[in-house]
Amino acid sequence: MGDMSDLEVTCLQDYERYLHSERQLSAHTVHNYLYELNRVSTLLPKDVTLLNVGREHWQQVLAKLHRKGLSPRSLSLCLSAIKQWGEFLLREGMIAVNPAKGLSAPKQAKPLPKNMDVDSLTHLLEIEGTDPLTLRDKAMMELFYSSGLRLAELAALNLSSVQYDLREVRVLGKGNKERIVPVGSYAIKALEAWLVCRQQIPCEDCALFVTGKGRRLSHRSIQSRMAKWGQEQALSVRVHPHKLRHSFATHMLESSADLRAVQELLGHANLSTTQIYTSLDFQHLAKVYDSAHPRAKKQQDK
């Protein structure tokens, strides 16, 4: 047990008996708790022991383990051992307050979904066909990637949402916050092709994307169509709306150093947890978009 004092060693032995007899924990759990206590004791400052450790010391220990790459599960186990130790010392009258009470382990950030590279997206968007379903689906996928829309945002678009002459789409995002997002030339062309078919579908709904019977497309239907085209184009990844949105963000950030512009294009309050949300004028957003997005450039005459 390293450089522990005799009192610490005695307390740990009593703690082990307490876990077995009174808490009736399994031998495996008891072993894990003792292992964790021995580990964290080596991370405490030299003048701090398991008997006089404070809340700030436990916070520092957890932060160190987090930085070392300990998994959330391992951090949770360590925290449980620390809390049980505090409860034991409290029960024995050796401390007045459990310093670990209320502590929570640092959470590791969830990995972002893998984006599709430009070549894969280009291949996906090269679908051909003149039937209404193909034209509609191509327009949806182009718009997802062109403007980084959320699934709910695209599904809620109406015929009046797109300003074709200005190459803009008016989007109602989370919290009913409206924003204007540029639309690339490829997406505009695909939308115009779909619009010809859309106008021939009897429909009382003003939705931009509808079924053959004139009903607004559901979220599930849009997801299903994206997955279908990913399979038909023989892509190695499953295609879904958020993957296109994430690819939009990734490719924009790779081409542009303007994090705040991309943040606003996405409609995020925070793209980075440390980045304070700032509002940019639309002219600047359009300029960044036009110079950075792979499919925003005007098509050259062939």
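The backbone N, Cα and C atoms fix where each Cβ goes, glycine too.
All protein chains shown were included, and the count of other CB atoms within 10 Å of the CB of R150 (active site) stands at 17. The active site feature in Swiss-Prot is assigned to R150 (among others).
DSSP gives K174 (active site) a helix state. The active site annotation in Swiss-Prot covers K174 (among others).
Following the DSSP three-state reduction, the secondary structure of H242 (active site) is helix. Under the heading active site, Swiss-Prot lists H242 (among others), citing sequence analysis as support.
The active site feature in Swiss-Prot is assigned to R245 (among others); the stated evidence is sequence analysis. Around the Cβ of R245 (active site), 22 further Cβ atoms fall within 10 Å across all displayed protein chains.
The active site annotation in Swiss-Prot covers H268 (among others).
According to Swiss-Prot, the feature active site, O-(3'-phospho-DNA)-tyrosine intermediate maps to Y277.
Per Swiss-Prot, domain 'Core-binding (CB)' is recorded for 6-90.
If you look up Swiss-Prot, you'll see 111-290 marked as domain 'Tyr recombinase'.
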Taking the Cβ of H242 (active site) as centre, how many other Cβ atoms lie within 10 Å? 13
Give the number of CB atoms, excluding that of K174 (active site) itself, located within 10 Å of its CB. 11
Between K174 (active site) and R150 (active site), what is the CA-CA distance rounded to a whole number of Å? 9
